[in-house]
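K.L.:
First the structure, which I've put down as structure tokens, then a few questions once you've had a look.
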Amino acid sequence: MTTNSSSSRPIRIGWMLGFSSVTRRQQHLIRCLGGCNNNYRYTTTLYNHPKKENKMQSVKPILEAEALSIIKSITPTLDPSRHKGQAGKIAVVGGCREYTGAPYFSAISALKIGADLSHVFCTKDAAPVIKCYSPELIVHPILEESYSVSDDEKQSRAAKVLAEVDKWMERFDCLVIGPGLGRDPYLLDCVSDIIKRARQSNVPMVIDGDGLFLVTNCLDLVSGYPLAVLTPNVNEYKRLVQKVLSGEVDDQNGPQQLLNLSKGMGGVTILRKGNSDLISNGETVRSVSIFGSPRRCGGQGDILSGSVALFLSWARQQDVESKLSMCPTMLGCIAGSILMRKAASFAFESKKRSTLTSDIIECLGKSMEALSPVN
Ligand SMILES: NC(=O)C1=CN([C@@H]2O[C@H](COP(=O)(O)OP(=O)(O)OC[C@H]3O[C@@H](n4cnc5c(N)ncnc54)[C@H](OP(=O)(O)O)[C@@H]3O)[C@@H](O)[C@H]2O)[C@@H](O)CC1
Ligand SMILES: Nc1ncnc2c1ncn2[C@@H]1O[C@H](COP(=O)(O)OP(=O)(O)OP(=O)(O)O)[C@@H](O)[C@H]1O
Ligand SMILES: [Mg+2]
């Protein structure tokens with residue numbers, strides 16, 4: 001990085017983070033930390049220290065070299081001796097009358113990145129629609145909403161749902177809970193039981209979308225579970241902060257607040273989505289700002305949830321914790337974020353304003369090849 005080329009950067013960064021002014025010392029620190037050569041724009045994350053107004057706290061951003069090293073290290077080789085299932089079995093719990101795209105995006109993304117099998121557990125209404133999007137997905141039409149079950153039957157039907165998911169539970173490397181789940185109270189009660197059962201079986205979980213609505217209202221479901229990953233967007237993060245920290249989102253002290261939130265939930269890993277993705281497990285905070293696109297079409301968070309689930313599973317399999325000095329949930333989040341943003345940048349290069357989530361999914365393979373080529 002040259003100081004000349006970065007002379008206008010501090011002002012832009014300050015503006016992007018909402019600072020009213022950036023001091024000389026802050027400008028110097030920004031230059032020292034360096035920006036990432038982003039396809040889309042430069043971002044380096046700097047925040048005010050929570051207690052001392054003038055002291056800055058930096059978050060170590062993931063730069064391209066580290067991004068490549070992480071993705072290469074956790075991606076399994078394509079070895080002819082491996083059997084079906086060893087490269088990952090993912091299940092998405094989501095999909096209801098209103099939302100069929102979200103669970104599809106999440107489940108198909110895991111497959112396109114390299115998972116062997118991807119299941120979807122959804123409502124009966126959503127199942128035929130999701131099956132028609134793709135014959136690759138294994139779709140279980142088992143979830144029920146209040147309108148389809150009489151009060152007398154509610155308990156017995158809920159037990160059946162749980163028994164059905166339980167048959168598969170231990171085979172899954174990771175669950176994604178929430179894309180397009182909806183907010184029907186009866187359905188959410190059943191999903192609470194699924195979360196409890198997954199936790200008993202030590203199955204990792206990525207909680208997104210309406211799954212976050214559920215756990216925000218019932219924190220005990222995930223609190224203290226080290227294999228839980230939450231992937232909140234702006235609204236979902238705000239609700240979590242209000243519930244757990246009894247306060248409002250403080251963008252000036254974003255990393256510190258995220259760290260506190262993760263600690264407050266007993267060390268679950270949280271990926272706060274945004275212009276810069278911030279990730280913490282209550283011990284450390286990292287940021288991913290490389291790549292990305294200015295298109296904000298719906299469904300990109302769903303690609304991310306499926307990607308994080310698969311990378312987390314791979315990171316656990318590869319046993320790279322000591323080599324990379326990071327736990328599998330952090331690695332899964334970082335790798336998922338990098339890949340999603342790389343694919344979004346490729347899709348935007350060719351489709352510009354008409355870029356859709358399905359275009360980004362089509363770029364997942366090319367992005368994997370760019371980051372971790374098949375030998
Ligand atoms: N194709 C499908 O099936 C898809 C289904 N999905 C599923 O939908 C379900 C609900 O999830 P969600 O994300 O729509 O709900 P939530 O976060 O409450 O946002 C609601 C509204 O908040 C606003 N808003 C958003 N961002 C903002 C920002 N940065 N800053 C300020 N405001 C912001 C914005 O509304 P606006 O105020 O702009 O009108 C937005 O519309 C969930 O199950 C999910 O998985 C999605 O995955 C997409 C693809
Ligand atoms: N302003 C931004 N600039 C660049 N990338 C962004 C920006 N906001 C979000 N992203 C990226 O888009 C992805 C999805 O984040 P987003 O906040 O759109 O999730 P979401 O609202 O849950 O999406 P969905 O529509 O799937 O529910 C994240 O991986 C994040 O890195
Ligand atoms: Mg979302």
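Here the Cβ of each residue, glycine as well, is placed from N, Cα and C on the backbone.
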K.L.:
Among Asp116, Asp125, Asp302, which residue shares the (6S)-NADPHX site with Gly180, Asn233, Val234, Asn235, Glu236, Tyr237, Lys238, Arg239 according to TrEMBL?
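P.N.:
TrEMBL lists Gly180, Asn233, Val234, Asn235, Glu236, Tyr237, Lys238, Arg239 binding (6S)-NADPHX, and from Asp116, Asp125, Asp302 it also lists Asp302.
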K.L.:
Please report the distance from the Cα of Gly180 ((6S)-NADPHX binding site) to the Cα of Gly299 (ATP binding site), rounded to the nearest angstrom.
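P.N.:
That comes out at 10 Å between the alpha carbons.
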K.L.:
Check the DSSP secondary structure of Asp277 (ATP binding site), expressed as helix, strand or coil.
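P.N.:
It is in a strand.
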K.L.:
Would you give the longest CA-CA distance, in whole angstrom, between residues of Gly180, Asn233, Val234, Asn235, Glu236, Tyr237, Lys238, Arg239, Asp302, the set recorded as binding (6S)-NADPHX?
P.N.:
19
K.L.:
Can you count the other CB atoms that lie within 10 A of the CB of Cys297 (ATP binding site)?
P.N.:
16
K.L.:
For the binding-site residues Asn275, Ser293, which Cβ has the most other Cβ atoms within 10 Å, all shown protein chains included?
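P.N.:
Neighbour-count leader: Ser293.
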